[in-house]
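Participant: According to Swiss-Prot, the protein carries these features:
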type	residues	note
SIGNAL	1-23	signal peptide
DISULFID	Cys47-Cys340	disulfide bond
CARBOHYD	Asn67	N-linked glycosylation site
CARBOHYD	Asn103	N-linked glycosylation site
CARBOHYD	Asn111	N-linked glycosylation site
ACT_SITE	Glu135	active site, proton donor
CARBOHYD	Asn153	N-linked glycosylation site
DISULFID	Cys211-Cys227	disulfide bond
CARBOHYD	Asn357	N-linked glycosylation site
DISULFID	Cys365-Cys376	disulfide bond
DISULFID	Cys370-Cys427	disulfide bond
CARBOHYD	Asn401	N-linked glycosylation site
DOMAIN	427-438	domain 'EGF-like'
DISULFID	Cys429-Cys438	disulfide bond
Amino acid sequence: MYHLWIKCLAAWIFLKRCNGVHAMPAKAPMYPNEPFIVLWNAPTTQCPLRYKVDLDLKTFHIVANPNDSLSGSVVTIFYPNHLGVYPHIDERGHFFHGIIPQNESLTKHLNKSKSDINRMIPLKTFHGLGVIDWENWRPQWDRNWGSKNVYRNRSIQFAKELHPELSEDKIKRLAKKEYEKAAKSFMRDTLLLAEEMRPNGYWGYYLYPDCQNYDYKTKGDQYTGKCPDIEMSRNDQLLWLWRDSTALFPNVYLEIILRSSDNALKFVHHRLKESMRIASMAREDYALPVFVYARPFYAYTFEPLTQEDLVTTVGETAAMGAAGIVFWGSMQYASTVDSCQKVKTYMNGPLGRYIVNVTTAAKICSHALCRKNGRCVRKHSDSNAFLHLFPESFRIMVHANATEKKAIVKGKLELKDLIYLRKNFMCQCYQGWKGLYCEEYSIKDIRKI
């Protein structure tokens, strides 16, 4: 009965969005008057400090941690060894903390997590992204396939040792029940602790939600990009996780096999569509902010995204109504002076200019359509409308002097531009505002803020 209720709720929200009506307002943006932001989550500290290569992140409207560090006041990412005593098996086959969640003390984990949060985020007024990256196992038994099947096998073995008198069938049922109960407690209580300690942060788990639409390698031209129905149903069953999250962190990493292809857009679009669906069903008062993880280079390579794929990732993310995009990167970006220079060249070329284009266009649309009280979202999510600066009306220039380098947008919105925006985009008002153009105070929402 509970699962049926969740499905009905999800279907209702989906229909509301399809009809061009947002079921609920959005949370106010992370920074005032910035409806769509781009954040940097790559360990590139060595570029400016060691190699004296400034990546010019600030120049091109990218928000980064102080010294371009991986974790800090803007984004802090918690890997398995950074937060509590996370039970798991790593990629090398090493065992940690009882391997499975039902074989480790939750109290011990939370006590350690508390000290880890204080260590990694000393500022109690932290207002950044708190991203927990736990990918070794999934909280749902049926999603632990492939290499993750070891957690099911270990759980069965654990249950058998505790209850040798039970039949195989009962052992498996018990193992599943105890595993999912413990996994839920670990994830939920960790999240609630983090939110209690740093209540102004945006907390959630990396790669949640996922939609498992990775079959582009086998489907070829038959690939649709759609999330399998079973995976959407499983996401519905994680309502407890969405309700306790204060942000969602899906990813849209592109492998090089997808370079400049129709399949790349299908892959990204449906992952975003599922994330926005989950964001709308998580709470009653506002849709969760969605910060989408992407890479400026193709996954597992050091090859920059093409202009087309920048549109596919950054452009699609903004048009679908996400709060921002987070560029993640590896140590390779800052491994040598040449690596740093390669990132800088890309930043000063297609990447930086496109980021300025989209972030500025999102801001202009928010001003023109939503009176700065909401963000622009496609009227029809499957359309090909993008939040881009109109080339006949705007131009991007980069000015530099002895102290700073800045990308500046010059121009003004023409009537034909405004007509295009009104035809293709609608406003998702921030909490406290309502109306077609977010022109009215919403007393009900203001009381909730």
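Cβ coordinates are placed from backbone N, Cα and C, and glycine is handled just like the others.
Looking at the shown structure, can you explain where the listed features end up?
Facilitator: A C-beta separation below 8 Å, combined with a sequence spacing of at least six in one chain, links Cys47 (disulfide bond) to Val53, Asp54, Leu55, Asp68, Tyr333, Ala334, Cys340, Val343, Lys344.
A C-beta separation below 8 Å, combined with a sequence spacing of at least six in one chain, links Asn67 (N-linked glycosylation site) to Thr45, Pro48, Leu49.
Other Cβ atoms within 10 Å of the Cβ of Asn103 (N-linked glycosylation site), summed over all protein chains shown, number 15.
A C-beta separation below 8 Å, combined with a sequence spacing of at least six in one chain, links Asn111 (N-linked glycosylation site) to none of the other residues.
There are 14 other Cβ atoms within 10 Å of the Cβ belonging to Glu135 (active site, proton donor).
Asn153 (N-linked glycosylation site): 12 other CB atoms within 10 A of its CB, across all protein chains. DSSP gives Asn153 (N-linked glycosylation site) a helix state.
Taking all protein chains in view, 23 other C-beta atoms sit within 10 angstroms of the C-beta of Cys211 (disulfide bond). In three-state terms derived from DSSP, Cys211 (disulfide bond) belongs to neither a helical nor a strand segment and is classed as coil.
For Asn357 (N-linked glycosylation site), the Cβ neighbour count at a 10 Å cut-off comes to 26, with all displayed protein chains included.
Around the Cβ of Cys376 (disulfide bond), a 10 Å sphere holds 29 further Cβ atoms from the protein chains shown.
Of all Cβ atoms in the shown protein chains, 25 besides its own fall within 10 Å of the Cβ of Cys370 (disulfide bond).
Under the three-state DSSP scheme, Asn401 (N-linked glycosylation site) falls in the coil class.
For the domain 'EGF-like' (427-438), the model's pLDDT averages out at 96.
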Participant: Of Cys211, Cys365, Cys427, which disulfide-bonded residues come within 10 Å of Cys438 (disulfide bond), going by C-alpha to C-alpha distance?
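Facilitator: Passing the 10 Å Cα cut: Cys427.
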Participant: Look up Cys438 (disulfide bond) in the DSSP assignment and reduce it to helix, strand or coil.
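Facilitator: It is coil.
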Participant: From the Cα of Asn153 (N-linked glycosylation site) across to the Cα of Asn103 (N-linked glycosylation site), what is the distance in angstrom?
Facilitator: 13
Participant: Looking only at Cβ atoms, how many others are within 10 Å of the one on Cys365 (disulfide bond)?
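Facilitator: Here the count is 27.
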